[in-house]
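Database features, via TrEMBL:
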- 1-151: domain 'F5/8 type C' (DOMAIN)
- 157-338: domain 'Laminin G' (DOMAIN)
- 343-518: domain 'Laminin G' (DOMAIN)
- 520-557: domain 'EGF-like' (DOMAIN)
- 556-608: domain 'Fibrinogen C-terminal' (DOMAIN)
- 765-936: domain 'Laminin G' (DOMAIN)
- 909-936: disulfide bond (DISULFID)
- 937-975: domain 'EGF-like' (DOMAIN)
- 995-1182: domain 'Laminin G' (DOMAIN)
- 1225-1246: transmembrane segment (TRANSMEM)
């Protein structure tokens, strides 16, 4: 409504224009109810102050109403505190004023003098207004003076009788229309009917029609005959449009963009297909299909009802029809006034009933009525028969009839049921006839729905019928007690019920019923369920089903997935396929990607469907082959990854034989690729935008230097141009267009790799607020009906406002109220609401905490750190739109300092601030804002716990890294065991003390490292490792010293585990037989052992730890620790003779993994230091992951090999699964052995050729010793002493 529409409409009216339900006395007549007047008793008051009173104004003709004001009765204690507004064109069939999806209750007065004015959000056009007082002053009674504001309204009306159609002929036969504006208003009580239609011979059409009381727009700007372009587009809006009230429609189209508006609710859409013009022939018809004789309109009903203000592209159709400028010959008699229908709806809530009289003592019951409701259950009609009961109910959307009769000690019972889904909000008609031995129920007058019963029955009517509720006591009470919905066209014993007489109180009775109106609301229209959530409703509320959408919450608004692989890594997840949703609650749906968490980077991979080396033939410059590259996600989804990534790459390769690629140096390219945004690119992998070259042209190493691509040389041999495309604004590759494979002998193969991106700038987009007065400002936040806000913060301050946005009275604010309390407060017009979560621990601990807040029409939710959550339901009635207009402030509040209790600016970091799916660029804004710094340091406090097994957390600008160097593990979280496979004779030697290098063998390398005195003499040891082997005996670990002290962990001949300690003071070493079972069974086993003074604790696998004590006589110091050996002992000093005799030959064969001794990782040091020792120790984690079930004994293990045959070292992969063909396994094995033998022979020959260069090896070892002095590790890998085993023996071991 425009600002000029603000005249006082009620004051000038005569007394007689005001009517009311009742009058207290003559001085209180409704005519005195004019604002600021003091006539009579100073206003209107009814006889009784109850909920059945109303005050009505007849404005004389239809007017546009923009505002309403109320006042109490002059100088009294009578006023109205809350009221409803109904309006109508005829003084019948009232419509309640709606706002925010509800029947609106206006707040009234709090005294008798001040006037309270309300602007109507949805301007209304009406002649009659009715105010219904809902609440009034406690001291007095209902009192009212009113004023209505608005302006005159005039429109041409045409009454459509269901036969006539108005034809609007075009000036030329064929119209090519690029822009349309169609506007009209209609009212009808029919649920079907064509409102307008136009079509063309090329298949274009536009149709606007009612279907099931919804408005359906179908438009087609053209399809082609091949079917590759399908232009048909259909959009539905609105519902319950058969309420016989005016509805306004506007359709605006420009090319393929359409705005479709119904009663101020606009839907934007684009038509399908590729055409822009609507090609119509001859005419556009209003009110039905034209009589063209074509079969297209068969079965579609014409519109029956009224239309006004029909405008088509500037022509006033209603005016042209009135002036007889249009063809209206199909009308029997054309009327320009609206013929009113004579229905009289009744509206029931859960406490209503309507009691009507019928015929008593009659032998037939005959009732009928129409009803509409959203509820699946409800009592429609109940009657006490002379000797029984009759009930018609809605049960689960079906109509059920129950008749119970008890006569002369005989019981008759008849149950009928028909229909389904009748709680769809549409009008449904019910007809029931029951008489002697016969009953029939019909729904919607359809023969198909009729159900009959011919079971014995005898009926005598009781004479009263209750509709919509029955609350009295009775012998056979009805199954349902009440009904929420509307009824009309009530027939009782074949007589139409006189509801006007009921309204006057002369017939029947009623309670809490609204007469002559149907206040049904479709709460699913517009649909508040987002992202494809399904809306279900009852009379009072709606709910959303979000299953399978990837979203959650009351309105399916919030994504259940993380925005990126980076986010999954920071939840401690390892590499896998994950669903991600880069824009959260935004329009993009979730999709699946592969996340690869490497040590320092997180890679996101999106696969495509182009097979590697796709063969391309028969393409030429004139007829190029277009290879479409489709991804496992849509283009918009992939673009969301590339825009937020730090770096992206995509491999592209062109293998060619006589097929030119870019036609370098300066020809027109034969082949190009198309990237994001449908742009063509003439550079190839390894090159960059604007440079028409391949990788070899950039590096200047093409096979023919005259060209900048290998393929451009056009030779008969296979050549290839490949490389990475890294310009992420151009990625991903959506198609490749190939143009030179049509000559004889020319062919090409194309490979487009997956898109790989790394990092997520949105996730790390952060700002540090360094002063309490500093803040960032952004554009106003628009989250009218649903808003979600999520971010991470860390602070050491006790309080601070995270963000705030203000409106007139509306606002939204998130703040840290105290060290343990986060608050989310807002006001959408119903008064301020605050949600609070209390954390068990302080939040100002300088660690990252995540806050998520959501507010929608159903509820508000606040969540902190996945742990604490609180929610609050929205009020059933009230405002729902959040209307803000100030800037969005981040880091500070803009309420006066005193009101907020001091200046509550935020100190600390805010990161990844996302509002309704859009990440705000805090860093960019922080660069130009004093007191705010881009980025934020200190991620280890929050994420350090993901670095396991002693890994150190290292800070990075974007996130953190786990440094695993000091552990026996590696991997992104230090969780991957580092282990090695030992052949017979392989050993790892780790020196704790420096030693002369002269005696080192030619196969060793020595790293020296000086230990401090307290490290040399140990009073405690911590040992941990896991192993798997199939051969015993063996030395697993041996720690020697310069004295006679040692520690050994060995497997005995029978495969059982023994620990030997000799610390001096005892004649024999202290031995512990840890377990009697055979552990040399090829399964992984883990050992954790610790000694503190005399107490030794050993845990094997998952069994409980067992403690042992060294005897009193034993020493407790492990003196002068010298060397640690793994796999075999080769020591020049003192050594336990038992070990040499029993356990040291042929040496350990199998796997050792994650070996740790007092915080040192000797095996990892050996595998990771620069020089490898001639392939004796192979890195493998075959000893990892100890079993969680007890290992099988040798007797029951089907794959157990007798250890006497175990000449070869066995890997765990020797198990052949069931169902594998043994022959193929054997053949494969033989081939493998042959290849292995050839390789070994080569290795041996090479070693033989270089055997005189021992000094070179030794020098290498020396050099590496100096360079690695900082590495705190000394490691030797070698075979046995060369003196003890000659060359031929060594060959056998290999």
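Keep in mind that glycine also has a Cβ here, set from the backbone N, Cα and C atoms.
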All-chain count of other Cβ atoms within 10 Å of residue 936 (disulfide bond): 25
Selected stretch (most C-beta pairs under 8 A with the domain 'Laminin G' (765-936)) from 343-518, 520-557, 995-1182: 520-557
Per Cβ pairs under 8 Å, the stretch of 343-518, 520-557, 995-1182 packing most closely against the domain 'EGF-like' (937-975): 995-1182
Mean of pLDDT values spanning the domain 'Laminin G' (343-518): 91
Non-local residues, at least 6 beyond the ends, that sit with Cβ under 8 Å of the domain 'EGF-like' (520-557): 98, 101-103, 237-240, 243, 265, 347, 372-375, 425, 484-486, 579, 581, 585, 589-590, 785-786, 788, 854, 856-859, 861, 876
Packing count at residue 909 (disulfide bond) (other Cβ atoms within 10 Å of its Cβ): 23
Composition by DSSP (helix, strand, coil) of residues within the domain 'EGF-like' (937-975): 7 helix, 12 strand, 20 coil
Counts by DSSP class (helix H/G/I, strand E/B, coil) across the domain 'Fibrinogen C-terminal' (556-608): 5 helix, 20 strand, 28 coil
